[in-house]
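What follows is one structure encoded as C-alpha coordinates, with my remarks underneath.
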Amino acid sequence: MPELPEVETTRKGIQPKVEGQAIQKIIIRNGKLRWPVDPSLVEKLPGLVVLSIKRRAKYLLLETDQGHLIIHLGMSGNLRVLPQHEPAVKHDHIDLLLENGFLLRYHDPRRFGSWLWTEAPIQEHSLLKSLGPEPLTDAFNAEYLFQKLQGRKTAIKTFIMNNQIVVGVGNIYANESLFLSGIHPTRPAQSLTLTEATKLTAHIKTVLSAAIEQGGTTLKDFLTPDGKPGYFEQKLNVYGRENLPCPQCDSAIEKVVLNQRAAYFCSNCQKQLDSTVKIK
(Lines of atoms letter the chains of each structure in order from A; the text may use other names.)
(Lines give C-alpha, C1' and ligand atoms only; values in the text may rest on other atoms or scores of the structure.)
Protein backbone atom coordinates (compact mmCIF):
# COMPACT_ATOMS: atom_id res chain seq x y z
CA MET A 1 0.00 0.00 0.00
CA PRO A 2 1.39 3.46 -0.84
CA GLU A 3 2.25 5.22 2.42
CA LEU A 4 3.09 8.86 3.15
CA PRO A 5 6.45 8.93 1.30
CA GLU A 6 4.91 7.37 -1.80
CA VAL A 7 2.00 9.81 -1.75
CA GLU A 8 4.32 12.79 -1.23
CA THR A 9 6.53 11.51 -4.06
CA THR A 10 3.42 11.35 -6.23
CA ARG A 11 2.39 14.89 -5.26
CA LYS A 12 5.80 16.29 -6.15
CA GLY A 13 5.88 14.32 -9.38
CA ILE A 14 2.53 15.46 -10.76
CA GLN A 15 2.65 19.05 -9.49
CA PRO A 16 4.77 20.66 -12.25
CA LYS A 17 2.46 19.64 -15.12
CA VAL A 18 -0.90 19.63 -13.31
CA GLU A 19 -0.91 22.63 -10.98
CA GLY A 20 -2.16 25.79 -12.66
CA GLN A 21 -3.74 23.90 -15.56
CA ALA A 22 -7.37 24.03 -16.65
CA ILE A 23 -9.18 20.70 -16.84
CA GLN A 24 -10.48 19.93 -20.34
CA LYS A 25 -12.39 16.78 -19.45
CA ILE A 26 -12.43 13.74 -17.20
CA ILE A 27 -12.71 10.23 -18.61
CA ILE A 28 -14.06 7.64 -16.16
CA ARG A 29 -13.56 4.15 -17.60
CA ASN A 30 -14.36 2.35 -14.37
CA GLY A 31 -15.80 4.32 -11.47
CA LYS A 32 -16.21 1.29 -9.21
CA LEU A 33 -13.45 2.15 -6.75
CA ARG A 34 -13.61 1.93 -2.95
CA TRP A 35 -16.45 4.44 -3.23
CA PRO A 36 -18.18 5.00 -6.58
CA VAL A 37 -16.79 7.94 -8.55
CA ASP A 38 -19.44 10.64 -8.94
CA PRO A 39 -20.50 10.52 -12.62
CA SER A 40 -21.49 14.21 -12.47
CA LEU A 41 -17.77 15.08 -12.44
CA VAL A 42 -17.95 14.76 -16.23
CA GLU A 43 -20.02 17.97 -16.19
CA LYS A 44 -18.53 19.65 -13.12
CA LEU A 45 -14.78 19.54 -13.80
CA PRO A 46 -14.24 20.86 -17.36
CA GLY A 47 -13.01 24.46 -17.27
CA LEU A 48 -11.91 24.37 -13.64
CA VAL A 49 -8.28 25.22 -12.89
CA VAL A 50 -6.16 23.10 -10.54
CA LEU A 51 -5.04 25.86 -8.17
CA SER A 52 -2.88 23.69 -5.90
CA ILE A 53 -1.99 20.09 -5.11
CA LYS A 54 -1.53 19.37 -1.42
CA ARG A 55 -1.23 16.25 0.70
CA ARG A 56 -2.97 15.50 3.98
CA ALA A 57 -1.96 12.14 5.45
CA LYS A 58 -2.25 9.75 2.48
CA TYR A 59 -4.79 11.88 0.62
CA LEU A 60 -3.95 14.10 -2.35
CA LEU A 61 -6.03 17.28 -2.46
CA LEU A 62 -6.48 18.92 -5.86
CA GLU A 63 -7.91 22.37 -5.19
CA THR A 64 -10.12 24.28 -7.64
CA ASP A 65 -12.20 27.40 -7.07
CA GLN A 66 -15.34 25.23 -6.93
CA GLY A 67 -14.14 22.44 -4.65
CA HIS A 68 -11.54 19.74 -4.09
CA LEU A 69 -10.78 16.38 -5.62
CA ILE A 70 -9.70 14.04 -2.82
CA ILE A 71 -7.61 11.18 -4.22
CA HIS A 72 -6.45 8.13 -2.28
CA LEU A 73 -4.21 5.56 -3.97
CA GLY A 74 -5.63 2.63 -2.00
CA MET A 75 -3.67 -0.62 -2.02
CA SER A 76 -2.27 -0.55 -5.54
CA GLY A 77 -2.97 2.79 -7.18
CA ASN A 78 -0.61 5.21 -8.88
CA LEU A 79 -0.86 8.47 -10.80
CA ARG A 80 1.15 9.30 -13.90
CA VAL A 81 1.36 12.39 -16.09
CA LEU A 82 1.34 11.35 -19.76
CA PRO A 83 0.78 12.89 -23.20
CA GLN A 84 -2.91 12.84 -24.10
CA HIS A 85 -2.28 10.50 -27.03
CA GLU A 86 -0.91 7.77 -24.72
CA PRO A 87 -3.28 4.79 -25.07
CA ALA A 88 -4.92 3.44 -21.93
CA VAL A 89 -4.15 -0.08 -20.76
CA LYS A 90 -5.85 -2.49 -18.39
CA HIS A 91 -6.60 -0.95 -14.96
CA ASP A 92 -6.27 2.66 -16.24
CA HIS A 93 -9.56 3.77 -14.71
CA ILE A 94 -9.54 7.59 -14.83
CA ASP A 95 -7.93 10.27 -17.01
CA LEU A 96 -7.93 13.98 -16.21
CA LEU A 97 -7.16 15.80 -19.47
CA LEU A 98 -5.40 19.17 -19.12
CA GLU A 99 -5.10 22.22 -21.35
CA ASN A 100 -1.31 21.77 -21.73
CA GLY A 101 -1.73 18.55 -23.71
CA PHE A 102 -1.00 16.21 -20.82
CA LEU A 103 -3.30 14.01 -18.79
CA LEU A 104 -3.28 12.74 -15.22
CA ARG A 105 -3.93 8.99 -15.37
CA TYR A 106 -5.09 6.86 -12.44
CA HIS A 107 -4.07 3.18 -12.56
CA ASP A 108 -5.34 0.82 -9.87
CA PRO A 109 -5.43 -2.99 -10.33
CA ARG A 110 -7.23 -3.66 -7.06
CA ARG A 111 -9.60 -0.65 -7.28
CA PHE A 112 -9.39 0.09 -3.55
CA GLY A 113 -8.44 3.73 -4.06
CA SER A 114 -10.87 6.62 -4.33
CA TRP A 115 -11.65 9.83 -6.22
CA LEU A 116 -14.04 11.99 -4.21
CA TRP A 117 -15.35 15.49 -4.86
CA THR A 118 -16.35 17.98 -2.18
CA GLU A 119 -17.49 21.58 -2.36
CA ALA A 120 -17.52 21.96 1.44
CA PRO A 121 -14.53 23.31 3.43
CA ILE A 122 -11.86 20.67 2.96
CA GLN A 123 -10.77 20.61 6.61
CA GLU A 124 -14.32 19.61 7.59
CA HIS A 125 -14.48 16.56 5.34
CA SER A 126 -15.25 13.38 7.28
CA LEU A 127 -12.05 11.69 6.05
CA LEU A 128 -9.83 14.55 7.21
CA LYS A 129 -11.28 16.32 10.23
CA SER A 130 -10.15 13.78 12.88
CA LEU A 131 -6.60 13.26 11.61
CA GLY A 132 -3.59 13.79 13.86
CA PRO A 133 -0.64 16.07 13.04
CA GLU A 134 1.64 15.60 10.05
CA PRO A 135 4.82 13.77 11.19
CA LEU A 136 7.22 16.15 9.43
CA THR A 137 5.80 19.28 11.08
CA ASP A 138 6.70 20.87 14.41
CA ALA A 139 3.29 19.88 15.77
CA PHE A 140 4.55 16.30 15.99
CA ASN A 141 7.22 16.43 18.68
CA ALA A 142 8.44 14.42 21.65
CA GLU A 143 6.30 16.24 24.19
CA TYR A 144 3.16 15.72 22.10
CA LEU A 145 3.88 12.01 21.59
CA PHE A 146 4.80 11.40 25.23
CA GLN A 147 1.56 13.02 26.38
CA LYS A 148 -0.46 10.82 24.01
CA LEU A 149 1.32 7.67 25.25
CA GLN A 150 0.09 8.08 28.81
CA GLY A 151 -2.34 5.40 29.91
CA ARG A 152 -2.23 3.59 26.57
CA LYS A 153 -1.58 -0.15 26.79
CA THR A 154 -1.71 -0.68 23.02
CA ALA A 155 1.48 -2.03 21.42
CA ILE A 156 3.66 0.92 20.44
CA LYS A 157 3.78 -0.12 16.78
CA THR A 158 -0.01 -0.20 16.56
CA PHE A 159 -0.15 3.10 18.44
CA ILE A 160 2.07 5.09 16.06
CA MET A 161 0.13 3.71 13.07
CA ASN A 162 -3.08 5.30 14.41
CA ASN A 163 -3.88 8.26 12.14
CA GLN A 164 -5.59 10.06 15.00
CA ILE A 165 -2.24 10.14 16.83
CA VAL A 166 0.01 10.97 13.87
CA VAL A 167 -0.74 10.55 10.19
CA GLY A 168 1.18 8.64 7.58
CA VAL A 169 3.30 6.27 9.68
CA GLY A 170 2.40 3.10 7.80
CA ASN A 171 3.61 -0.42 8.40
CA ILE A 172 6.96 -0.20 6.62
CA TYR A 173 8.05 3.02 8.29
CA ALA A 174 6.71 2.11 11.74
CA ASN A 175 8.90 -1.02 11.70
CA GLU A 176 11.96 0.89 10.54
CA SER A 177 11.51 3.76 13.02
CA LEU A 178 11.12 1.41 15.99
CA PHE A 179 14.22 -0.53 14.98
CA LEU A 180 16.36 2.61 14.78
CA SER A 181 14.95 3.71 18.15
CA GLY A 182 15.76 0.37 19.81
CA ILE A 183 12.12 -0.08 20.86
CA HIS A 184 10.40 -3.48 20.69
CA PRO A 185 7.19 -3.18 18.62
CA THR A 186 5.05 -5.05 21.17
CA ARG A 187 5.89 -2.83 24.12
CA PRO A 188 2.88 -1.08 25.65
CA ALA A 189 2.81 2.51 24.47
CA GLN A 190 2.61 3.80 28.04
CA SER A 191 5.91 2.09 28.93
CA LEU A 192 8.03 4.48 26.84
CA THR A 193 10.06 7.09 28.66
CA LEU A 194 10.32 10.69 27.50
CA THR A 195 13.83 9.90 26.25
CA GLU A 196 12.48 7.01 24.17
CA ALA A 197 9.62 9.15 22.87
CA THR A 198 12.18 11.75 21.83
CA LYS A 199 14.22 9.15 19.94
CA LEU A 200 11.15 7.66 18.29
CA THR A 201 9.83 11.03 17.16
CA ALA A 202 13.20 11.91 15.64
CA HIS A 203 13.53 8.58 13.84
CA ILE A 204 10.00 8.74 12.42
CA LYS A 205 10.92 12.10 10.91
CA THR A 206 14.29 10.94 9.54
CA VAL A 207 12.94 7.66 8.13
CA LEU A 208 10.05 9.36 6.35
CA SER A 209 12.29 12.14 5.03
CA ALA A 210 14.82 9.61 3.72
CA ALA A 211 12.05 7.59 2.07
CA ILE A 212 10.72 10.70 0.31
CA GLU A 213 14.23 11.47 -0.96
CA GLN A 214 14.41 7.93 -2.40
CA GLY A 215 11.02 8.19 -4.08
CA GLY A 216 9.29 5.90 -1.59
CA THR A 217 9.36 2.10 -1.38
CA THR A 218 8.29 -0.14 -4.24
CA LEU A 219 7.31 -3.58 -2.95
CA LYS A 220 4.74 -4.49 -5.61
CA ASP A 221 2.57 -2.01 -7.49
CA PHE A 222 3.83 1.47 -6.64
CA LEU A 223 5.48 3.56 -9.35
CA THR A 224 6.41 7.23 -9.22
CA PRO A 225 4.64 9.57 -11.69
CA ASP A 226 7.50 9.14 -14.18
CA GLY A 227 7.03 5.35 -14.13
CA LYS A 228 10.02 4.53 -11.95
CA PRO A 229 10.07 2.48 -8.73
CA GLY A 230 10.90 3.94 -5.34
CA TYR A 231 14.34 2.98 -4.08
CA PHE A 232 13.94 3.10 -0.27
CA GLU A 233 13.48 -0.70 -0.26
CA GLN A 234 17.25 -0.95 -0.63
CA LYS A 235 17.67 0.82 2.73
CA LEU A 236 15.23 -1.27 4.80
CA ASN A 237 16.78 -2.65 7.99
CA VAL A 238 14.06 -5.01 9.22
CA TYR A 239 10.88 -4.80 7.15
CA GLY A 240 10.39 -7.95 5.08
CA ARG A 241 13.70 -9.42 6.34
CA GLU A 242 12.50 -12.25 8.60
CA ASN A 243 15.34 -14.70 9.45
CA LEU A 244 17.93 -12.49 7.76
CA PRO A 245 20.76 -11.03 9.88
CA CYS A 246 20.21 -7.81 11.78
CA PRO A 247 22.36 -5.07 10.21
CA GLN A 248 23.56 -4.03 13.68
CA CYS A 249 24.26 -7.30 15.52
CA ASP A 250 23.76 -10.20 13.03
CA SER A 251 20.97 -11.77 15.11
CA ALA A 252 18.08 -13.11 13.03
CA ILE A 253 15.26 -10.67 12.33
CA GLU A 254 12.00 -11.94 13.83
CA LYS A 255 8.38 -11.43 12.85
CA VAL A 256 5.12 -11.31 14.81
CA VAL A 257 1.63 -10.18 13.84
CA LEU A 258 0.17 -7.17 15.64
CA ASN A 259 -3.33 -5.98 14.84
CA GLN A 260 -3.24 -8.05 11.62
CA ARG A 261 -0.03 -6.34 10.43
CA ALA A 262 3.48 -7.81 10.34
CA ALA A 263 5.98 -6.48 12.86
CA TYR A 264 9.68 -7.08 12.13
CA PHE A 265 12.33 -6.59 14.80
CA CYS A 266 15.62 -7.69 16.30
CA SER A 267 15.01 -9.03 19.80
CA ASN A 268 18.63 -8.28 20.71
CA CYS A 269 18.59 -4.63 19.65
CA GLN A 270 14.94 -4.02 20.58
CA LYS A 271 14.38 -5.33 24.08
CA GLN A 272 10.92 -6.18 25.42
CA LEU A 273 10.62 -4.94 28.99
CA ASP A 274 8.29 -7.71 30.10
CA SER A 275 7.29 -10.57 27.81
CA THR A 276 4.27 -11.31 30.01
CA VAL A 277 2.60 -7.96 29.37
CA LYS A 278 -0.64 -8.41 27.49
CA ILE A 279 -0.95 -6.37 24.32
CA LYS A 280 -3.65 -5.68 21.81
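Note that Cβ sites are derived from N, Cα and C of the backbone, with glycine treated the same way.
Among the features that Swiss-Prot reports, active site, schiff-base intermediate with DNA is placed at Pro2, with the record citing sequence analysis. Taken from Swiss-Prot, the feature active site, proton donor covers Glu3, Lys58, Arg261, and the record attributes it to sequence analysis. Annotated DNA binding site per Swiss-Prot: His91, Arg110, Arg152, in sequence order, evidence recorded as sequence analysis. Residues annotated as zinc finger in Swiss-Prot: 237-271.
Here the features listed in Swiss-Prot are placed on the structure.
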residue	record	Cβ contacts under 8 Å, 6 or more apart
Lys58	active site, proton donor	Pro2, Glu3, Leu4, Val7, His72, Leu73, Val167, Gly168, Gly170
His91	DNA binding site	His107, Asp108, Pro109
Arg152	DNA binding site	Phe159, Pro188, Ala189, Gln190
Arg261	active site, proton donor	Lys157, Thr158, Met161, Asn171
Non-local residues, at least 6 beyond the ends, that sit with Cβ under 8 Å of the zinc finger (237-271): 155, 157-158, 161, 171-172, 175-176, 178-180, 182-186, 219, 279-280
Neighbour count (Cβ, 10 Å) for the residue listed as 'active site, schiff-base intermediate with DNA': 27
Within the zinc finger (237-271), residues counted as helix, strand or coil by DSSP: 0 helix, 13 strand, 22 coil
Overall pLDDT for the zinc finger (237-271), taken as the rounded mean: 96
Site diameter for DNA, Å, by largest Cα distance between His91, Arg110, Arg152: 42
Cβ-Cβ neighbours of Glu3 (active site, proton donor) (radius 10 Å): 23
